Each structure stands twice: as structure tokens, then as C-alpha cells.
Amino acid sequence: MQSTDLGNKESGKIWHRKPSPATHDGIIVNIVHSTSEYHPKVLRFLNVAFDGSGDSFIAGDHQGNIYVFDLHGNRFNLVQRTAQACTALAFNLRRKSEFLVALADYSIKCFDTVTKELVSWMRGHESSVCSISVHASGRYAITTSSDTAQLWDLDTFQRKRKLNIRQSVGIQKVFFLPLSNTILSCFKDNSIFAWECDTLFCKYQLPGPPEGSNILYKVFAVTRDGRILAAGGKSNHLHLWCLEATGLFRIIQMPAKVRAVRHLEFLPDSFDAGSNQVLGVLSQDGIMRFVNIQTCKLLFEIGTVEEGISSSVISPHGRYIASIMENGSLNVYSVQALTQEINKPPPPLVKVIEDLPSNTVSSSNLKMKIMPGRVQRPARCKESKIPTRVLKQDLTGDLENKENELSEGLNKKRLQILLKGYGEYPTKYRMFIWRSLLQLPENHTAFSSLVDKGTHAAYLSLQKKYPIKSRKLLRVLQRTLSALAHWSAIFSDTPYLPLLAFPFVKLFQNNQLICFEVVATLIINWCQHWFEYFPNPPINILSMIENVLAFHDKELLQHFIDRDITSQVYAWPLLETLFSEVLTREEWLRLFDNIFSNHPSFLLMTVVAYSTCSRAPLLNCTLKNDFEYFFHHRNNLDINVVIREVYHLMETTPADIHPNSMLDAFVALTKGQYPIFNQYPKFIVDYQTREWERIRNDELDFLRERQTVENMQAEVDEQRAKDEAWYQKQELLRRAEETRREILLQEEEKMAQQRQRLAAVKRELEIKEIHLQDAARRRLLKLQQDQREMELRRLEDEIERKVQMRDQEIAATAKDLEIRQLELEAQKRLYEKDLTTSQEAVAKEIREDTDAHRRKAALEEHMFQKLLENSQMGGRRAQRWKEAEEKEFHLQSAKKASALSDASRKWFLRQETSAALEHEEMPWLQRQYMDSAYLPQTSRLHDVSDMDPSTHIFSRNYPTEWNHMEHDLLKNVRDLRRRLTARARNSCRHPHLLVT
């Protein structure tokens with residue numbers, strides 16, 4: 001089997017040598033995709049879809065890589081990287097280069113395989129899309145999820161319709177019926193509806209499953225003509241519905257191994273006009289079985305339990321099957337290789353001549369049903385309303401040709417003529433012809449009973465003797481040999497039976513029933529008298545071969561006799577292997593085309609012909625090993641020459657030595673049950689069986705006794721071992737105790753020595769520590785001394801800097817003080833001038849007020865005198881006038897007091913302003929004085945001695961003079977204010993004094 005790893009390649013060949021699917025279980029190629037870019041090194045394929053031609057398909061893995069595989073051109077190409085897993089694919093659109101892919105984000109995209117560009121992006125689903133169904137025209141598509149199904153127009157990529165359902169009822173699948181305009185919708189409650197695509201009118205509804213059936217439909221498949229619907233689920237039953245009659249017409253029960261059906265698909269056939277008869281059923285064990293829905297026979301199967309299938313897709317023309325395996329790889333199967341043994345020849349066109357009279361019908365009730373223009377397979381005639389007609393037979397030659405007429409309507413003589421003309425049967429129809437020639441009954445029940453008995457004890461260790469690489473092939477061989485051994489006891493002791501059956505097992509490994517019946521038919525007919533001298537080789541058969549060889553080639557036989565080569569050397573190896581060791585596959589098939597088409601003696605004649613055709617190399621052989629090697633290995637011999645020689649021997653051999661006179665004619669296996677095979681020395685076989693049984697029983701008894709003795713011996717040994725272990729343990733404990741004591745003493749001595757060394761080391765460390773501390777102390781003192789010296793230098797530098805700054809500040813301060821003194825003297829003169837002016841103004845106002853009061857008093861006196869004179873005129877008027885005058889006087893006095901108060905307030909404000917300015921100058925002078933006061937004593941003395949004498953005297957006497965001056969000034973201002981206030985009060989309190 002070829003395997004192709006896509007790796008990181010974007011294109012390449014699918015296979016690098018011509019596939020041979022017939023020798024590899026029908027597998028053309030196995031495709032895997034491994035990469036190092038992602039964490040999982042093997043990328044699993046998830047979905048596959050074929051195009052309309054059936055020669056190309058697309059496949060997508062779980063990382064979103066989509067490849068196109070062209071089986072006709074042997075090429076693959078990476079067409080898209082979607083970066084997310086695809087959940088469904090469709091590749092049969094109207095534009096052949098476009099395909100649909102449903103992604104994990106619930107969207108559907110359309111890509112082009114040629115340009116590798118995005119054509120359209122469709123959204124609308126709210127859950128994962130599980131299937132895409134495309135209309136036969138390629139213009140419409142239905143995408144199905146668990147909650148909805150949507151109909152899309154692929155010309156505009158717009159959604160046309162949407163199928164919504166209740167949440168309690170989920171959608172199982174919605175798809176188009178092939179070659180029709182009908183949509184089939186299947187729901188999780190087993191309801192199935194058919195809708196018109198254009199109007200969405202409900203055409204019909206299928207009734208529910210029959211009572212007693214608890215199957216829930218999960219998977220569906222429809223034939224190409226759209227007439228039959230197959231449904232399955234978690235059961236081994238399949239329901240077949242007739243969509244035209246809208247009824248269930250058949251229930252197929254799969255084998256008991258099948259517990260659930262995961263996928264269904266019909267196998268298309270070019271000759272059935274769309275009414276597919278073969279249904280592929282993928283079950284939970286990963287095996288896909290193909291059954292005939294009419295005969296309910298298992299035809300073949302793909303996949304194994306070890307290498308199970310996850311999903312499969314069949315090409316539209318039925319040539320290929322693409323299966324995604326459970327390990328994530330992709331297998332491509334050839335349907336022709338899988339069905340080569342069951343293929344039937346195309347039915348010829350026939351012409352109905354006339355009806356056969358009823359009185360000429362033989363005991364067989366078989367009749368050939370004639371459909372319009374075709375010949376059907378034979379069927380038993382029952383009471384039926386359908387009229388049947390049969391071909392007219394040659395009544396005169398009926399008895400002669402009776403044995404040449406096969407059940408399938410083939411004529412043995414015509415086949416022999418065809419075989420002689422072409423040398424072999426057509427590869428496509430060989431298996432069908434063999435089954436017809438051997439007249440296999442296909443007893444399913446009988447074969448199942450043999451298989452159900454399990455593997456025979458004689459073949460349990462078959463793999464050790466015959467190590468076959470293919471597990472499936474070994475399993476089929478073991479099952480076939482076990483069935484033969486259960487059928488007849490002789491085959492459990494036949495050593496060459498695996499060699500005899502292996503070619504047929506390899507040829508019919510997909511159909512074990514046919515394989516068993518072919519081998520059984522071969523043994524009954526072509527292995528006649530082989531077991532009469534069991535367990536020795538068939539001496540009588542070998543004698544026949546030797547007699548024929550003596551008649552046709554005495555020289556060669558004499559050469560064998562001279563070299564002590566018996567028939568067990570030159571004949572028996574060919575018979576027990578049926579020429580499989582000396583011929584290739586094609587040569588072997590060609591030979592058995594002739595063997596099955598002739599009398600059983602043809603096989604014995606073939607042995608003679610093989611030797612006579614090889615007489616030249618055989619005459620040159622002298623050693624027995626050379627002869628043995630010759631008859632066990634392939635030789636440069638033309639099989640066509642051998643076959644022609646066989647026919648020549650069959651015709652020219654005398655009747656007295658001809659094997660056909662000693663061998664019976666062909667006898668087919670009986671229908672229903674297999675015949676009893678007892679053509680062997682029963683007493684020998686029974687004796688051997690009894691001996692084997694006795695030996696087996698003795699061996700079992702011996703094994704049981706040996707097991708008992710071994711158990712007892714094991715118990716004794718175990719007890720002895722326990723005792724010995726206990727003594728050894730005690731001895732070890734004693735020795736360990738002594739050793740521990742010695743170790744303890746040694747450790748104590750070592751401890752004392754270590755303590756002494758530790759004390760010495762401790763003393764040394766203390767001394768070192770003292771020295772180190774002393775050195776550290778000295779180092780610290782030196783460091784502190786250096787730091788103090790550095791600080792002193794820093795302080796000296798700081799003092800010098802501050803002295804310089806102080807000198808500069810003092811000089812600047814002296815200048816500022818001189819300037820300030822001048823300013824203050826100017827302000828003092830200004831203030832004195834203002835004060836004099838204000839005093840003069842106040843005195844002037846007082847004088848004016850005094851003069852006014854005097855004039856007013858004189859006027860009042862004058863008026864008083866006048867009033868006295870006019871007192872006779874009325875006392876009330878005088879009294880009112882007096883009150884008015886007093887009010888006027890009070891008003892004038894208040895006005896003057898207010899003016900005097902305002903003048904005093906203004907003067908006091910000016911005094912306070914000048915005092916504030918003087919107060920602002922005092923802190924600055926005091927700060928300068930304090931800075932000089934905080935200098936060090938030595939420095940202050942030094943500075944005073946260095947200062948100018950005039951500056952020193954000024955700085956010492958200036959504060960005292962200023963304080964005296966300020967005090968005198970404030971005192972004068974306060975006295976003046978006091979006098980003015982007293983005068984104002986006196987003038988306000990005693991106005992009558994002024995009047996007097």
C-alpha cells in the first residue's frame with residue numbers, strides 16, 4: 001500500500017508508482033498530512049467531497065488546509081488556507097472550479113480552485129453547519145445545522161428561504177433528492193417531509209416507523225433515481241422506504257456486531273439505471289459493510305477494528321471510495337478491486353423465440369425472467385401474476401449438455417472455447433466465472449455456524465509457523481482453516497492445508513464465505529484420494545502422475561530414478577502448494593482458469609506438463625537439493641506452453657493410465673448444508689485424534705501435576721527463602737550491630753580528635769580575630785582622624801568664606817545705613833514741616849472758632865437784651881427762640897468737633913505710617929547685628945580689631961541715638977494729641993462758658 005505525506009508541499013504527485021489496489025485490500029493510496037508548524041504533528045482530515053466527474057475530490061483538515069486531489073491526473077494542490085476547521089464541503093456546483101466550505105465560525109464560503117480566490121461569503125447560521133446539499137443543476141444549495149436549514153441561490157449567493165423549527169424538535173438532515181426538484185427534510189423525531197423546491201409546498205410525509213421499532217433515524221441515503229430511502233440509527237436495523245409509495249417495504253438486520261450505524265451511502269453502478277442495489281453501511285466499529293438490499297447478502301467490507309473508518313464518500317460514477325480513517329489519514333479505495341470477485345458480466349440483449357411447452361420442463365423449476373431487452377438472474381417460479389417466458393432450448397441435446405449448463409446461464413463448453421481462444425478469462429469477470437464454474441451454494445447459515453465455533457486449537461499458533469505481515473490476511477486464513485477443521489477432522493492435522501488455501505484466501509480476503517467454499521470445492525474435486533494414505537502423501541495420486549510421465553517422457557523419469565528423485569520430490573511440492581510457489585499471480589490465475597474449466601484430472605496433468613516442459617534444466621540437475629530448489633521456486637517457464645502441453649497430454653494419454661478414469665467428475669457443494677467429508681482413513685485419523693486427545697489430556701494432567709508440584713515447591717522454596725532470609729537478616733543485624741559499635745568507637749575517637757583540632761583552630765581564630773579587631777580599630781581611628789582633619793579643613797574654608805561674605809555684607813550694610821539715615825533725616829524734616837503746618841491750621845481754626853463764638857455771644861447778648869425788652873410780647877416766643885438757638889449752637893459745636901476729630905485722625909495716621917516704616921527698618925538692622933553676634937569669639941575679636949575705627953564707633957552709637965530720637969518724636973506727638981483732644985472735649989462739654 002502506497003502512502004503519501006503531503007507535508008508542507010502545496011502540490012505534487014499523489015502516488016509515485018502505479019497503484020495495485022487488488023493486492024492491498026483495494027486501497028489505491030493512503031494520504032497523511034504531517035507538519036512541524038503546529039503542536040499536533042499529524043493534521044487530521046475532517047471532510048471529503050467529490051466533484052461531478054468523480055475523478056477529483058477535495059479534502060479539508062482541522063487546521064483549515066483544503067486540498068484538491070486529481071485521481072485521473074495523479075496530482076494534488078493546496079487551494080486554500082482558511083485558518084479554521086471545516087465542518088462540511090461541497091464540490092459539485094454549476095461552476096466546476098468552485099466549491100463550498102462550511103467553517104467553524106458558522107459561516108459558508110465559496111472559493112475557486114483555479115484562482116484560489118474567495119468568491120463569496122455567506123452568513124446566517126447560528127450553529128455549526130453539518131451538511132451541504134447541492135441541487136442537481138448546481139444552482140441551489142441547502143445548508144443544514146442543528147436548529148435551521150437554509151436555501152441559497154448560488155448564482156447570487158443570497159439566501160432564498162429559511163426553515164425554522166421548534167427548539168424541542170431538532171433537524172437531522174435536509175437534502176435534495178437526486179435528479180429531482182424535491183427537498184427531503186428529516187427531523188430528530190423520525191418525521192420525514194418532502195417539499196417542492198420552488199414553492200416549498202409539502203408534497204407528502206412518510207409515516208412513522210412500525211410499532212415496536214425503537215430506532216431513531218440518524219443517517220440517510222437515497223438511490224440515484226430517488227425512489228428508495230435508506231435510514232438507520234443506533235440499531236443494527238436498516239429501514240428501506242419506497243418514496244413513490246411513501247411506505248416502508250423492507251427492514252434489513254445487520255450482523256450482531258453492528259450496534260449503531262454512523263453513515264449510509266449507495267454504491268452507484270453504470271448498469272443499474274440509478275436503482276442502486278448495493279448499500280454501504282458504516283457502523284460503530286469503524287468497518288463499512290456493503291450489502292445487496294435485494295438479496296441481503298454481505299458483498300465486501302472495508303476498514304478494520306484496528307484501522308477504523310470515521311466517514312466515507314463514494315464518487316458519483318462509483319469507481320472510488322474516499323474514507324477518512326480514525327487516525328486522521330485518508331484512504332482512497334478502488335471499487336473495481338473490491339468487487340472483482342462479485343462482478344457480473346453485462347447482460348446481453350436476447351430475443352424471445354417461443355414459449356417452452358410445460359411438459360418438457362425438467363425437474364428444475366428455475367426460469368429466466370425476461371425484462372425488456374435484458375436477461376435477469378434465475379429465480380424460482382412461484383405463484384405470480386407476472387408472466388414469465390423462457391428461452392427455447394435444444395430438446396435433443398438437453399441431456400448431453402445438462403452438465404455443461406451452469407446455474408447463472410453460462411455454458412461450460414462455450415467458456416472452454418473462449419478460454420482456449422484467449423488463454424484466460426477477463427480479469428473483470430474472472431471471479432464471477434469461477435463462482436459459476438464451481439457452482440458455489442453460498443451457504444451463509446452453515447458457514448456462520450462453522451465460524452461461530454471459533455478458532456480451532458490446531459491453528460491457534462498459526463502466526464508462529466506462517467508469519468504473515470498483513471493482520472487481516474492472517475485473520476482470514478486462520479478463520480478459513482478453522483472452519484475447514486470444524487467441517488472435517490482431517491483438516492486439523494493436514495500440515496500442507498495452509499499452503500493449499502493461502503492463494504485463495506489472498507484472492508477472496510474480502511469475502512470469506514466464497515473463500516471457504518472455493519477451497520472446500522477444490523478439496524472435494526481436485527484433491528480426490530489425497531487423504532487415503534494419510535498422514536503420508538497420496539501415493540496413488542503420485543503413482544498416476546509417475547505413470548503418465550513414464551508414458552510421455554521415459555528419459556526424464558529414468559533421470560529421476562537414477563538420481564533417486566521420487567514423485568514426492570518432483571510432484572508433491574507442486575500439488576500441496578497448487579503451483580503458488582512456482583508461478584506468479586497472473587500465471588497462477590491463468591492456470592486455474594483452465595483447471596476449474598476442466599476435469600479434476602487436469603491438475604495432475606499439469607504436474608506432468610510442468611516437468612516435461614522443464615526437462616532441459618531438470619536433466620542438467622544432479623543433486624537432490626537442486627531438484628528440491630527447482631520445484632519450490634519460480635523458474636523461467638512460459639505458462640502458456642505448459643497449458644498447451646496439458647491439453648496435449650489430456651488428449652494423447654491412454655485411457656488405462658489416464659487420471660480421469662480414476663477420478664470422479666466434478667461435484668458441487670450441496671445447498672443448505674455442506675456434505676460430509678470422510679474420504680480418509682478414519683481409523684488413522686480417529687487414532688491420531690484419540691492419541692492427540694490422550695496426549696493433550698496427559699499433557700494437561702502433567703501440566704496440572706507439574707503446576708501442583710511447582711506450587712508446592714514454590715511454597716517450600718518460599719518458606720526456605722523466608723527462613724534463610726530471617727537467618728541472614730539476624731546475621732546481618734548482628735554484624736551490623738558490631739559494625740555500628742566499631743564505627744561508634746571510631747567516631748568517638750574521631751570526635752575527640754576533631755574537638756582537639758577544633759579547640760586549636762578556635763584559639764587560632766580568636767588570636768586572628770584579636771589581631772583583626774586591633775587592625776580594624778587602628779584603621780578606624782586613622783579613618784576618623786582623616787575625617788576630622790578633612791572636616792576641620794572644610795570648616796576653615798567655610799569660615800573664611802563666611803568672613804568674606806560678612807565683610808562684604810557689613811560694608812554694604814554700612815552704605816545702606818548711611819543712605820537710610822539721610823532718607824530718615826529728610827523724612828523727619830518733612831514730617832516736622834507737615835506737623836507745624838497742621839498745628840498752625842488747627843490753631844487758626846481754634847482762633848476762628850473762638851472769634852465766632854465771641855461774636856455769637858455778643859449777638860446773643862444783644863438779642864437777649866432785645867428780648868428782655870420785648871418780653872412783654874410773649875414768653876412762649878422767647879422760649880422757642882432760645883431752644884432754637886441752643887439747637888443751632890449744639891449743631892455748630894458738633895460740626896466743629898467732627899472737623900477737629902478728622903484733622904486729628906489724619907495727623908495720627910501719618911504718624912502711624914512713619915512709625916511703621918521705621919519699624920520695618922529695625923528688624924533688618926537687628927538681623928545684621930545678630931549675625932555679627934553669632935560669629936565665633938576669636939573671629940569676632942579678630943574682626944573688631946580689623947574694622948575701621950569710624951565704622952566701629954558708628955555701628956556702636958547709631959542704635960542708641962536713633963532710639964532716643966524716635967522716643968522724643970513719639971512723645972511730642974502724643975503730648976500734642978492729648979492737648980488737642982482735651983481742648984476739643986472741653987469745648988464740647990462747656991459751651992455755656994463760651995457764651996458767658
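Any Cβ shown, glycine's included, is placed from N, Cα and C.
Residues annotated as coiled coil in Swiss-Prot, with sequence analysis given as evidence: 388-414, 699-844. Annotated domain 'Rab-GAP TBC' per Swiss-Prot: 424-599, in sequence order. Annotation source Swiss-Prot lists region 'Mediates direct interaction with PJA2' at 983-986. Residues or ranges marked as repeat 'WD 1' in Swiss-Prot: 33-74. Swiss-Prot lists 75-116 with the feature repeat 'WD 2'. Summarising the annotation, Swiss-Prot assigns repeat 'WD 3' to 117-157. Marked as repeat 'WD 4' by Swiss-Prot: 158-200. The repeat 'WD 5' feature in Swiss-Prot is assigned to 201-248. Summarising the annotation, Swiss-Prot assigns repeat 'WD 6' to 249-296. If you look up Swiss-Prot, you'll see 297-334 marked as repeat 'WD 7'.
Secondary structure counts, DSSP: the repeat 'WD 3' (117-157) has 0 helix, 23 strand, 18 coil. In terms of DSSP helix, strand and coil, the repeat 'WD 2' (75-116) has 0 helix, 23 strand, 19 coil. Proximity of distant same-chain residues to the repeat 'WD 2' (75-116), defined by a Cβ-Cβ separation under 8 Å and at least 6 residues beyond the stretch ends, is recorded for 4, 6, 9-14, 31, 46-52, 56-69, 122-123, 125-134, 137-139, 141, 143, 145, 152, 154, 157, 316. Across the repeat 'WD 7' (297-334), DSSP assigns 0 helix, 22 strand, 16 coil. Note: the repeat 'WD 6' (249-296) comprises 0 helix, 23 strand, 25 coil (DSSP; helix = H, G, I, strand = E, B). If one looks beyond the repeat 'WD 7' (297-334) by at least 6 residues along the same chain, the residues whose Cβ comes under 8 Å of a Cβ in the stretch are 19, 21-22, 25-32, 42-50, 52-55, 57, 59, 61, 69, 71, 92, 255, 262-263, 265-270, 278, 280, 282, 285-291, 342, 442, 444, 471-472, 510-511.
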